[in-house]
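Notes follow the structure.
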């Protein structure tokens, strides 16, 4: 029976909305696993997702019990929420009831032969250079390539030669769908796309990027995926259509009410503590400042980990810190020195507009040549090693002859990781990396240098330089009072042998370190022409202000400054003082961080704390080098004066903003439609990875295996894992470190300004209306009164508190907090 291809395509596109995109490990991006459900209320969405993916939508009773015993859920708040639903039992009784209800729900899913066979071929086709023997005919597309090799798969019955299978994708759909009315096609597609949401999410991501090398060479689409899966299901006797009992109800929700109540009470308790602390800080901080010009100002990413180091830097002396999206407003593709690889270095919701290359500075040509010689030697050695390991004739002799060497190296990496790290540092001192002799190509190159594949121009036009510099200062509300030194500080992690390293790097840079972006913006702002153009636009940068770039190592809290040591742009004594204070801040921040990492480091030993973080950064067996963004709970948009001196426990995204310098609301609009949305993606990924790690996370790192250099699976096969590993979320088997709360956005701005932005951007408004996030406004035109947004529109006024309570939740003895 011929089928209408346009109808099939439309039904597949509709069904694919239920599957969120999954980025490859190299550019891991945090994203809401229920991204396709955000147009629905949260409670309804998690119910639908639970039926499709089998995952929970709310924290389990063990998590609620930990929060209750730690005092994180206010008793009065919980009692009020329960009373609104006519529930009068004691919280302990309700926790026991939820325990009983949860018993037996975590049974492992039954093994599906269809999934096992299909994932084997998906891994072979989508391999990105890991396999020594790649799947043949991949250039013909997934269905055609699979059809040629399927006869050799003994798990597929009745296929002796390719001609036993439909010849084309269209014929495959016709063969399977002829028994079903058109009205059932979309539920069938939903059923099969959501059976393996990790693999289909990756295919969805890759198929929408036809310009990527792997997709161009080996094309695949969800249509081809469904053609293979439906053909396999037909051959293996698996269900084609979902059971009618699995179909989703049209309206309403029958989700258990208790978890919803407890979650809302927990979220309100956190919100109340945070707002009380902010109010108390506002009352004790004098308006205005007579501190004068600071010694230095440092701009950090809004990342929650920046809150800790910013606080400790400010305690060292006359320093100011600001928060800005970690790609520093420059939508670029970065090409590191000595490689043809190009990496996206801007948020996942932004397309690169420029290609920035690293080229040796003229005074450092000799240093670059020495580095090139060493790099060629390393490359040749790596190629030889790969050949010996993969060559059939040489591999056995190679293993016999080199076993002692590799065994000793493995023992050293395991038993003395810090020692090897110091050797690496000594090598870096002898042969510094490209950052020491290269400079970014910020000037626009001739059109002939534009990339032939994507057309991105190399460098930036003069107008773009001014635009990015002005946007950075405008969004932060920073138009005057520039220090002699301003440091744009990107961030990146340091961790070996970690498939999820990109998840610890800068999310605003697409899972890459933010140092390159910081160097670009610093170079732009140092140009005389840019500063002159900024003066004409009302941003006066003093003649003695120098812009530097740096990178915050979030694993060790070390901040490296990118400075030409032979010709530093800052006076040596000022540079030494800044570095000394940054080192002191590192020690204080490390002391704070190690308290949450279950270490044996004693309190009050900063040097030992730094050594412990450095060990974790070097240890290839360390499953938890750092916590990443675990604990994130709030996104604060406002001047640093709102939070300066307040210990936010590394749980808040901090974006600098001054409503008084943003008359038309453009800066706030950019923040709410950009960084705030990315913050919601990060928060929901941590939330769902915590509430149901089996469905939305990636399990234990100990049992993960990398497949095809694109993702991880648990054990030796199965679905691609889409979320975060347990070690990024839990302190141990019983206690969570990440508190699964939906993100609270707090914005200091006039209420009508925020409301106007929501009216113009329905997608952002839906996140609040459907309770994927909560919104509170601190209205400066109403004496900084807190007003809370009501889903669907309108505002709740919040009465002023009688006294402040601590933002940090109290912890009971013996329970990690």
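Including glycine, each Cβ sits where the backbone N, Cα and C put it.
Swiss-Prot names 301, 303, 506 for binding Zn(2+). Of 312, 491, the residue it gives for the same site is 491. Matching 538-557, 558-577, 578-597, 598-617 against Swiss-Prot, the residues noted as region 'Disordered' span 598-617.
Around residue 303 (Zn(2+) binding site), taking its Cβ as the centre, 26 other Cβ atoms fall within 10 Å, counting all chains. Other residues of the same chain near the Zn(2+) site, with their Cβ within 8 Å of the Cβ centroid of 301, 303, 491, 506, are 300, 302, 305, 306, 326, 490, 492, 505, 507, 508, 509, 514, 552, 554. In the three-state DSSP scheme, residue 491 (Zn(2+) binding site) is classed as strand. Residue density at residue 301 (Zn(2+) binding site): 30 other Cβ atoms are found within 10 A of its Cβ, drawing on all protein chains shown.
Cβ contacts within 10 Å of residue 506 (Zn(2+) binding site), excluding its own Cβ and spanning all protein chains shown: 28.
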